[in-house]
Every structure is written in structure tokens, then in C-alpha cells.
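Scroll down for the structure; my scribbles are underneath it.
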Amino acid sequence: MKFSSVLALAASAKLVASHATVFAVWINDEDQGLGNTADGYIRTPPNNSPVTDVTSTDLTCNVNGDQAAAKTLEVAAGDKITFEWHHNSRDSSDDIIADSHKGPVLVYMAPTEAGSAGKNWVKIYEDGYNDGTWAVDTLIANKGKHSVTVPDVPAGNYLFRPEIIALHEGNREGGAQLYMECVQFKVTSDGTTQLPEGVSLPGAYTATDEGILFDIYSSFDSYPIPGPAVWDGASSGSGSSGSGSSSSAAATSSAEKTATSTTAAATTTAVATSTSSATQVQPTSVATFTTSVRPTTSAAPTTSAPTSSAAPTGGTGTGSIQIYQQCGGMNYKGATGCASGLTCKQWNPYYHQCVQA
């Protein structure tokens, strides 16, 4: 097999070992139980593979995201919503997402009907790159949790869309990996702050946006978070706190958004003080996520072969690693031996992968 074909196949395999989805939600620090089950409240995809085509309708709420979940959680303005991400299971040993998957964490919201159609998405939270720390690093440190505060919007049904953009392959067009789900909420308080028009998803990103096509292995001091500015009517949880201590995050327009990844400060908006009436859903078992490869209809990128096939660095374990699994890279601690007929290729300093020899 030609090396270019191997590279294309590896790109479509999505580096399946290190992905993540939202497993659960907390409201005002109360666990709402597993939401990614058949009777849950998250529009959960069939696997934890990322979306890499920013023009795909899967960018709205992921695969099957147009299908409503069984339940809807109730919240009120001022309530704190905490999203909890995991790789394979809601277990203390879960690695959340590979630490090589550097990138920003964002949250959008939209009225349910419009949001399901990919329209009127309003960004209410973002965290990117601050003083050498990526939002994904903070997410892992906080055991997969990040928080937002429910704005003082009119009563009704809304979708909240947490998102991770992993940039470990963002140095090539089509390499960024986007992870998102839509969580169903009913806002019971009746606020007077109307959501602005919002953006379309897909539509808000392009494959060549500075924050999508971004080389994390180059020298840089700041990172331009993709998409619109954070709505100035949003009051979102701090990006540095897993418990989601409340702080305001906003900007007045997309044009005023700077290339730094710090969350823009703005005057805190007033929120109602009513408390959540969410029905608590207790998990009956710990769900696990089976990682699989989702085929895509878009053409695989044609990329020149790496100039070096350096031996894996950082791996200390031994074992027989299967095709497309990680076998090395900076800070990698797992096994480094590929199965028979495979070789460990270096795609970048942080990620080496078993591919056909």
C-alpha cells in the first residue's frame, strides 16, 4: 500500500483511542445521573468519534443529533450547569480525553426547534489557551467537568451544546477533531433577556479558520478561538474551576473579539434567583462507551508523508498494539510495540500511531 494511502486511511480512522463524549450533567452541583443512555437527556452519538468536516450537518449535535432524547432536564435562570466528559466510562480511572488533544472548550445554546435545525446558536462560554495551559488540560484536571450559568432567557425548551476542538492534527486542513453533544433543558423561569440571532452550525466555522487550522507545535503566544464572540447576556462558569464558580464571560461583537484565548470579561448580567426544579435521574449502572470508527463521506485529505519516522518517544510499556492505536509520543506512557505487520509512525511529536508497514 502506498504511504499516501496509509496516511489517508489513518486520517479516516480518527485516532480512535482517545476520544470523548458528554456522559452526565450536574445542576447546582447535584448529579443528574447518566444522560447518555436510551432513557437519558443527552442526544448521544453511536460512538465517540469526532466530526472533522466542519460543513457536515453532524456538526450541529453530532451523529443522530436531530433525534430527541427521552428526557429533558429542568433549570431556571441563574442555575449552574456542569457538563461531565469521559473517554470510555464514568469511572475515576477514566482518562477523560488524551492529553495530546490540546484545544479549546466551548458551549453554545439555542431554542430547541431552531437549534435542531442548526440555526440560532449563541455562544455562552469559551476557554482556550491561557499562560501555557489549554482548556483541555484544565478539563482533564477537573475530571472532565466545566460549567456555565443559565442566562435570564424566556421560559421554554433549549439545547445546550458543549464542544471540544482537539488540535493535535490541526496543522493540516481537515485535521482538527470536533466533539459535541446537545443536552436537552427546559428553562422554567420566565426571563426577559432574548437570545440574539446567533449563528448556524454548520456555518460558523470553516476549515481554514485560524482557530481550526492551527499548529500547536509551532511557537505562539495566543490562540484565536473559532466562532462568534461570547454573548454579552451570558453569565458562564469559570474555565478554571471544575465546580463551575460563576463569572461573567462576554464580548459585544464578533469584530471586537481578540486573538487571545482568554474569556472576554464583561459586566455581569442580572439573573433570576429561582432554583432548579430538575428531576434527578439516578444511574443504575456505569455506562461504558465502545470506541469505533465512523466512516465519512468526505474525501480523505491528501497530505505529504512525514519527513521523519522517528522512533516513538515517551512510551514505557510493552505490548501488541492494534492498527491505528497510539504507540508513542511526548508524555505518552503506554505500550510501544505494534502488532505483527504494523509499524509505529510519527505523525507529530505528540502522537505516534500503529499503521500498516
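Glycine too: its Cβ is placed from the backbone N, Cα and C atoms.
Candidates considered were CYS61, CYS327; Swiss-Prot assigns the disulfide partner of CYS182 as CYS61. Residues HIS19, TYR179 are given by Swiss-Prot as Cu(2+) binders; from HIS101, HIS146, that same site also lists HIS101. With respect to CYS182 (disulfide bond), the closest of these binding-site residues in Cα terms is HIS19, chosen from HIS19, HIS101, HIS168.
Comparing GLN177 (O2 binding site) with HIS101 (Cu(2+) binding site), their Cα atoms are 9 Å apart once rounded. A mean pLDDT of 80 is what the model gives for the domain 'CBM1' (319-355). Sequence-ordered, the extra residues of this chain that approach the Cu(2+) site, with Cβ no more than 8 Å from the Cβ center of HIS19, HIS101, TYR179, are SER18, ALA20, ASN48, PRO50, ILE97, ALA98, ILE164, ALA166, GLN177.
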